[in-house]
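Down below is the structure, laid out as structure tokens.
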Amino acid sequence: MSGKPRLTYLNGRGRMESIRWLLAAAGVEFEEVYLETKEQYEKLIKDGFLLYQQVPLVEIDGMKMVQTRAIMSYIAGKYNLYGKDLKERALIDMYVEGISDLMQMILMFPFSPPDAKEKNLESIKERATNRYFPVFEKVLKQHGQDFLVGNKFSWADVQLMEAILAVEEKVPDVLSGFPQLQVFKTKMSNMPTIKKFLQPGSPRKPPPDAHYVETVLKVFKK
Amino acid sequence: MSTKPKLYYFDGRGKMESIRWLLAAAGVEFEEEFLETRDQYEKLLQGGSLLFQQVPMVEIDGMRMVQTRAILNYIAAKYNLYGKDLKERALIDMYVGGTDDLMGFIIMFPFLSAEDKEKQRALIIQKATSRYFPVYEKVLKDHGQDFLVGNNFSWADVHLLEAILMVEEKKSDVLSGFPQLQAFKARISSIPAIKKFLEPGSQRKPVPDDKYVETVRRVLRMYYDVKAN
């Protein structure tokens, strides 16, 4: 077994995408196993890999980690992306959790019934522009630093960058009222590990399409 | 300003209850301000106290913390309930993630229609007995120690006890197939700080009732129907 972390998930974004972002930002190479059939998933359960019978699963440092947050906290802690003390960690956690609420809306979007899609899209736009982006715009404006917390690159920056791009895919001009976030986005895009992740051929997954939704339903439906 | 943490939430369980449990388990006294009116909530909003316009909010160590998980992480770490290293923390995070998912099925329960409540009750019991409780039963059986992680009392133990009691409120004999969990429940309940929290007169909140639901709906103007999972 290689020393690289191994990710098991569908061949698509879902809950694993934030983990891919974080590992990539930390400069950590990883392997991936893609779930394509119900049988593969049932075998994983039978073989005792999935603590709560769920993916994401990340095999890392001898552990079979599940629970997205647990996995990301571990990676952030291990690769020094979690602040220098408890208070910085508290800020990072607050920011990441807030962004995660926004990402949850995006995650669920492909699975909304057709007649709810327009309403849900409107909700994503409303939350991003009225609840979440203003917070980070203000944070960056107030301290004038490049990064959200402690003048140092952290998990919070990676998560915000992922969220900005994900919302922009749905609402292309969403950053028009947020000059600080525009600058932030450019700065993050130019960080070597992130730049690499944003190039074609990286492990980054494309926006979920009908095939992805179909695969999710096929693999997990009872 | 007193040095005790101050909790801002409704007078009921909701997302704040796990925070009350953890503070109590850590032996930390805290104050509470209960949201009863829309005005109070709007005042908090206008005052800029709620980072994402939401409660729970906890004033602690000069910070106005929001986001339940962030608050819990901070308390756990500050009071040494988060393991001794990254790997123990990883285990605690995984275990808490599971109990959090289980309690997630229960937190929406009071907001469901009567018909959906019946279905949800069955779902809670099914998830508890087939997905979550077996995991913790096995962990305890495999290492034979008193606590879930690192042979030391941690946040994971507090959270599991809270989850067990909440599920028992829906089905009192739900632990009948889980001898390790029965012993765990007795053991953790008798830890002085927890024993105290379980006594009448503590800051533990009762099972949410219609009045609680009405208050939440009124304060948050959350009048839409909540759907079951």
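Numbers run from 1 along the shown chain.
Glycine is no exception: its Cβ is also placed from the backbone N, Cα and C atoms.
All TrEMBL annotations are machine predictions without curation.
Lifted from TrEMBL, the feature list:
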- B:3-83: domain 'GST N-terminal' (DOMAIN)
- B:85-209: domain 'GST C-terminal' (DOMAIN)
| DSSP says what for the domain 'GST N-terminal' (B:3-83): how many helix, strand, coil residues? | 32 helix, 16 strand, 33 coil
| Integer mean pLDDT for the domain 'GST C-terminal' (B:85-209) | 97
| query | So how many of the residues in the domain 'GST C-terminal' (B:85-209) end up helix, strand or coil by DSSP? | reply | 92 helix, 0 strand, 33 coil
